[in-house]
Amino acid sequence: MDSYRKYAAIILVTLSVFLHILHSLPEGEFTTEECPECKLKENKYFSKLGTPIYQCTGCCFSRAYPTPFRSQKTMLVPKNVTSESSCCVAKAYTKATVMGNVKVENHTECHCSTCYYHKF
């Protein structure tokens, strides 16, 4: 019975040390900061010319999962992994003219939706 108390004490000490270390880390230490949320960001290149031009930047979700066998049967080139994703795109925009005659889209609202143009 005495040996169980020793094991319980060791486990409690280990757990309390682990929790202390976990709480002492800065907030968001384990989150990826490479890809911010989907939002409007000023385009510095086109905004130099007077009128601020905004575009949607950031990340949405993507996931991959094994392709079901019945779906693989219908594929011309069967693939073992299926992936889905959504991209940060403009929900609303206005047309703007910069540099005299170049027409660009000035995004006014962003959301996550179907990816039309993939970056490699």
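Here the Cβ of each residue, glycine as well, is placed from N, Cα and C on the backbone.
A disulfide bond in Swiss-Prot ties C87 to one cysteine from C35, C38, C56, C115, and that cysteine is C115. For C88, the disulfide partner named by Swiss-Prot from the candidate list C38, C59 is C38. For C59, the partner cysteine in a disulfide bond according to Swiss-Prot, taken from C35, C110, is C35. When other Cβ atoms within 10 Å of the Cβ of C59 (disulfide bond) are tallied across all protein chains shown, the result is 16.
Restricting the disulfide-bonded residues C60, C88, C112 to those with a CA within 10 Å of the CA of C35 (disulfide bond) leaves C60, listed by sequence position.
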